[in-house]
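The region 'Disordered' feature in TrEMBL is assigned to 42-135, 196-216, 237-269. The compositional bias 'Basic and acidic residues' annotation in TrEMBL covers 42-55, 64-99. Per TrEMBL, compositional bias 'Basic residues' is recorded for 100-119, 126-135. Here TrEMBL flags 147-168 as transmembrane segment.
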Amino acid sequence: MNPTAISASIGLANNLWSRFKDYREEKELEAYAALEGAAARAESRSKDLFPEARRNAGAVTQAAHERLERTLAELKERGQEAGKQASERFEEARKDAKKVQKKTKKQAKKQSKAARKAANKAQKQSAKKLNKAKKVNFRKEDKGSKFWPFALVLTLVSAVAGGAYYFFKIRKEAPSEVPPRVEDFGGGADAAAEGSTLVYTSTSEQDLKKDSDLAEEGVVERDEELLGSIDEQLAKHKEEAAAAEADTSRITDDREDEGKHRLQTDEQE
């Protein structure tokens with residue numbers, strides 16, 4: 001039941017009862033005044049006419065007068081009884097209305113308490129899910145922050161390895177400016193006994209420089225390719241981390257929206 005409707009019904013009943021009470025009292029006063037006037041008139045007339053009536057009618061007139069007085073007394077008693085019964089009924093109706101109002105307030109209080117409990121429970125669940133999502137996001141960010149130093153160290157190690165390869169491999173194979181001797185490439189003692197013979201190469205110094213430049217260009221291109229590959233890997237890892245971060249934020253927003261929706265649903269219920 002609606003407390004507002006109950007309050008309105010009680011107010012209407014009180015208003016109707018007060019009007020009925022005023023009307024009843026007014027009618028009682030009017031009836032009493034009329035009866036009192038009639039009695040006074042009858043009494044005055046009886047006093048005036050009693051000697052003549054006694055003389056004319058005798059005992060009949062006196063009996064009628066007594067009957068009239070008894071009738072007036074009975075009417076007055078009935079009016080008092082009706083007023084008393086109406087008062088008792090009104091008191092009973094007011095008590096019943098108070099009981100209904102108390103019961104309605106108690107039920108409304110219970111429903112409000114249950115709604116508050118459900119809202120608090122939904123709020124705690126949504127807060128728990130939000131904290132869990134934040135922890136997951138923090139862990140992913142922590143993993144991402146741990147990945148970047150590793151990637152930087154990997155890049156530095158790759159660069160150092162490329163430089164070491166260049167210095168220890170390419171520089172080692174650079175051609176010598178001194179012409180080779182036959183003894184250095186001889187196969188035995190006979191070749192040494194025949195004497196020393198100088199062997200000259202047809203490769204000029206400019207050709208050697210060109211070959212060295214080409215080798216250096218190849219190393220530079222290889223280093224650039226290596227650095228480009230490392231940059232591509234770093235960019236790919238950045239994109240994956242950004243995508244994971246976006247997924248985490250989307251999951252967090254979805255869970256926040258779900259918690260708000262559940263909270264609104266519980267409040268409406």
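Glycine is treated like the rest: Cβ placed from N, Cα and C.
Per-class residue totals from DSSP over the compositional bias 'Basic residues' (126-135), listed helix then strand then coil: 10 helix, 0 strand, 0 coil.
With DSSP states grouped into helix (H, G, I), strand (E, B) and coil, the compositional bias 'Basic residues' (100-119) comes out at 20 helix, 0 strand, 0 coil. According to DSSP, the secondary structure content of the compositional bias 'Basic and acidic residues' (64-99) in residues is 36 helix, 0 strand, 0 coil.
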